[in-house]
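Single-structure report; data block below.
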Amino acid sequence: MKIIHPKANLQDFDIFFCALGGLGEVGKNMYIFEIEKNIFIVDAGILFSENILFGVNYVIPNYEYLLENESRIIGLFVTHGHEDHIGGIPYLLKKVKIPKIFVSGIAYDLLEVKLSEHKDIINNLTKMEKYNNNSKYKFGNTEISFVRLNHSIPDMFGIIFKTKNGNVFYTGDFKIDHTPVGPVAEYEKLTEIQKEGVLCLLSDSTNAEKEEFIQSESKIGASINDLFSQITGRIIIVTFASNLYRIKQIIESTIFTKRKLAVFGRSMEKTIETGKNNGYFKISNDLIVNNNIINKYNDITLLCTGSQGEPLAALSRIANNTHKQIKLNQGDTVIFSSSPIPGNQDSINKIIDLLLKIDINIITHGPLINTHTSGHGSQNDLKLILSLVKPKYFIPVHGEHRMLTKHRQLAIDCGVLPENILVLDNGQLVGLNDQEMKLLGRLPSGNIQIDGSGIGDDIGNLILKERRTLSEEGLLSVIVTIDYKKKKVLNFPMIISRGFIYMKGNQKLIRKISLEIKKKVEEKIQKQEIIKLSLKKIIIDYLTSYIYELTLRNPIIVPIILNI
């Protein structure tokens, strides 16, 4: 095992844990459990990028450690089908040989669709095996089994690693829901492993700061049904495309109120198609109408993406009146069946402001109207799991640092010794045995930014900086034709601006720049022999200073040298 700055003897431990993603952030979940030299990967998600307008679609973990140790990988175990847990799998398979992916229920179907979209996956030997709540796998002295828990998507399973040192339990994403939409959680299994002894618990920290009770998903369904029954006219409802329980409730309310349904947004369309194909969504052939004929219907539900104010999503284009099919009318009702993810409130407020100008009805989740509930447990839920499991050691996962820290305090309140809790960063390696839990050093980690299909691999900081400069400052191209024999520039250099200045309105400035470049280049080529590369650098350096002096702008400068 290659460790950066090792702090202890690895021979003292049989169990190792490291997060390649999911700590200090909400997303990009990827956890490595190494038991008796076998590597078990749990989840491989993505983080939605803050730089989406600069062409960065997603962020994934650094897979360097797995690539170097792929001969010891047993498989990838998927807890459920959300993007922050399965979104990175196609990119992982492009880099690392994974013998088998163990995946449950609807996550299996979602992953199949996702992998089919990546034709460039060279490693097509990876097998997928569907597990259920009764499945058990034995690898050496380690037995793996699964615990059904409740979340906002069907078939969410926590994972139990039964080792000679005791049980290690990873919860996955969960909340306590006494009246769930789907099957009930298997809390009796947690009682069983507690009797056997739980060496370490790793638990979802997303809502560790929230004290309030998290509503049952079934109550939200009843609330949506009541709203649909009261509203006349078109309903535009936005929710997360990954929230299958909510989408199912919206479909059922649409059917109950005898409405038609139209779906907008690529991710929403994929979810509907997957759910329909596997029978999870009961959709008749005449329920969904073609998006091009929605204006024929008044009693219709328009199910859209864009609950977080994403600039390219369906709702944003509707609010900006740039959507091809949906034009809002007086009397339409927009329902937000979602709550803001931290950092997205301003984007959502801008969308709501635009919608209010159109004089339509807007319904958001609040104390009086329940249109959303979280799929992650609040403090009471987290404490219940801690009390049921009674772990010796505890590692909070899946959350920003303040969430992890708050979860640590909840564990102390539930009786876990403070010295037996570690709040970690991505890449930190922990060793475990029945006597101690110790920080051992670091494994290679970090962020890889995915551009488009990911064919170009990581977008480095330099490329991202260039894209940001292009968006803010624009581009200026200078085409210079040189006769090296006569040591002179032929004609005036041609100036082309993109996003820097308006060409027609700035002829004097363009002429001035062209004249200055002609003088500067002739001065250099008459004094000495210059290679094309150094001449380009001279033009860039000179123009950068000169243009900033004239305009207080720093466009990207692209010189093109033509030789005659």
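Any Cβ shown, glycine's included, is placed from N, Cα and C.
Note that the structure is predicted; figures quoted are calculated from it, not measured.
Here TrEMBL has His80, His82, Asp84, His85, His151, His398 binding Zn(2+), and the candidate from Asp109, Asp173, Asp177 in that same listed site is Asp173.
For the recorded site, His398 (Zn(2+) binding site), the DSSP three-state label reads coil. Counting only the Cα atoms, the space from Thr373 (substrate binding site) to His80 (Zn(2+) binding site) is about 18 angstrom.
Considering other CB atoms within 10 Å as the measure, the emptiest surroundings among the binding-site residues Ser242, Asn243, Thr373, Ser374 are those of Ser374.
Residues Ala241, Ser242, Asn243, His372, Thr373, Ser374, Gly375, His376, recorded as binding substrate, reach a greatest CA to CA spacing of 17 Å. Between His85 (Zn(2+) binding site) and Ser242 (substrate binding site), the C-alpha separation comes to 11 Å.
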